[in-house]
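If you check Swiss-Prot, you get these features:
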COILED    1-257  coiled coil
MOD_RES   SER33  phosphoserine
MOD_RES   SER45  phosphoserine
MOD_RES   SER58  phosphoserine
Amino acid sequence: RAALQAEIEELRATLEQTERSRKIAEQELLDASERVQLLHTQNASLINAKKKLENDVSQLQSEVEEVIQRARNAEEKAKKAITDAAMMAEELKKEQDTSAHLERMKKNMEQTVKDLQHRLDEAEQLALKGGKKQIQKLEARVRELEGEVENEQKRNAEAVKGLRKHERRVKELTYQTEEDRKNVLRLQDLVDKLQAKVKSYKRQAEEAEEQSNVNLAKFRKLQHELEEAEERADIAESQVNKLRVKSREVHTKISAE
């Protein structure tokens, strides 16, 4: 009977130890489940953050492409304005050359008129001696030359007017070219800032993906630990059941004696 009592005590101690192991395994199982749930939540949050960053990067890339296109358009416009300004400058030079040529012709014609006037004065002196026919010819020539001088003055006035118009156009094109250059610089600065922002978002997306991978590894590790804890809990439960059966058998045997 003492041996049976000792065996019962031993079984009771084993049962208590097994029960404690079962409870520890169940607690480990609960802790592992909570950690798995937490990691699952964190991983889902990181995945959402990654998707948002990817969308932001895509949107920023579209904005960068749009700004780059605007910068290219502004640059093309600036180049065209510079070309137009160069052409206008060339036309202005031609007009200036024409104006200078007309001015020289005007001076030559004025000198010719002066010479003819002088000859006319001489002719008047001859008229006193009977040279009326010569005087009439000279007067007709003077009127003809005066008409030519007047026409040249009109053409010169038109040339000066056109010259001033070209000068105003050159100033406008110069101003527009400077504004286009400033716009190109501003757009380039905006492109640089947007590209820096895209790089930052890409880096954040990579970090989020890396963290997601780390959490996934932790999740898999915890899942493995959870499976092991469940297995240990099942083993402990089986041992407890076996010990309970054995304990009942021992009590039955004692009662029978």
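Each residue, glycine too, has its Cβ placed from N, Cα and C.
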Report task. Report the mean pLDDT of the predicted model across the coiled coil (1-257), rounded to a whole number. Result -> 75
Query raised in the report: Cα distance, SER45 (phosphoserine) to SER33 (phosphoserine), nearest Å?
Result: 18
Report task. For SER58 (phosphoserine) and SER45 (phosphoserine), determine the Cα separation and express it in whole Å. Result -> 20
**Report entry** Neighbour tally for SER45 (phosphoserine), based on other Cβ positions within 10 Å of its Cβ
**Finding:** 14
Query raised in the report: Counting all other Cβ atoms within 10 Å across every protein chain shown, which of the modified residues SER33, SER58 scores highest?
Result: SER33
